[in-house]
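**Student:** Look at TrEMBL and you will find Ser149, Asp226, His260 tagged as active site, charge relay system.
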Amino acid sequence: MALTQVSSNKCSGGYQKVFEHDSTELKCKMKFAVYLPPKAESGKCPVLYWLSGLTCTEQNFITKAGSQQAASEHGIIIVAPDTSPRGCNIEGEDESWDFGTGAGFYVNATEEPWKTNYRMYAYVTEELPSLINANFPAYPEKMSISGHSMGGHGALICALKNPGKYKTVSAFAPICNPMQCAWGQKAFTGYLGEDKKAWEAYDATVLAASYSGPRLDILIDQGRDDQFLSASQLLPDNLNAACSETKIPVVFRLQPGYDHSYFFIYSFINDHIKHHAKYLNV
């Protein structure tokens with residue numbers, strides 16, 4: 001699969017790059033960002049996949065999170081894809097900020113007119129890792145995943161649905177129980193249809209309640225002053241309860257004074273990269 005380099009910037013001794021390619025899963029051109037630490041010049045590195053939230057592109061994380069210094073120190077490649085297909089000319093794709101463009105919700109859509117292009121789950125778990133492993137000095141067996149908000153939801157479901165594939169998972173302010181919140185209900189109805197049984201395959205709380213794979217250590221940071229927490233969009237207590245039942249170890253940190261923004265992510269990203277480095281054995 002041919003990659004076209006869009007940008008390259010020296011950063012923390014390594015390179016922050018952006019590439020474009022024709023996606024087979026999404027049937028459109030897609031961009032993803034990749035940070036290559038200095039270690040990547042001389043050998044293979046583990047890979048941390050980062051999934052961003054509603055309205056984001058591949059740019060938000062790489063320009064606002066401040067992840068490059070810690071990634072450089074630990075020798076971790078960070079890959080940050082876009083959050084949805086772009087420019088597919090689907091009627092209604094640009095009508096709202098929380099559905100369609102910028103809001104792929106990391107599911108494989110089954111409903112018309114979305115099912116041809118909106119296959120972000122397959123893109124993140126299959127196509128993108130294959131692309132990264134073929135074109136960059138990555139250890140295929142050493143990968144983990146993280147994300148924010150809608151992307152935190154995406155990271156959690158990718159790890160829970162694929163036992164053993166990801167060494168660990170972390171999230172900032174994830175949508176933990178989308179079947180029970182307005183964002184999730186809107187997205188799932190549009191992408192997956194009215195049958196709520198189909199929704200369960202993409203709900204982290206439901207998946208955690210039936211998880212039986214190898215040990216999966218989860219780190220979650222949540223801002224106490226997050227407006228979406230108080231609006232019952234995130235529902236972390238539901239996930240924590242499910243993980244407690246199935247003995248999934250979760251470190252859940254409620255951070256006083258922090259909101260839902262990238263200022264919050266910037267404040268704790270080093271802790272998350274250190275967490276991933278531990279389980280990626282670097």
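Cβ coordinates come from backbone N, Cα and C, glycine included.
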**Student:** In angstrom units, rounded to an integer, how far apart are the Cα atoms of Asp226 (active site, charge relay system) and His260 (active site, charge relay system)?
**Tutor:** 5
**Student:** Sort out the sequence-distant neighbours of His260 (active site, charge relay system) for me: same chain, 6+ apart, CB within less than 8 Å of its CB, listed by position.
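**Tutor:** Residues satisfying the criterion: Ser149, Ala173, Gly223, Asp226, Gln227, Phe228, Leu229.
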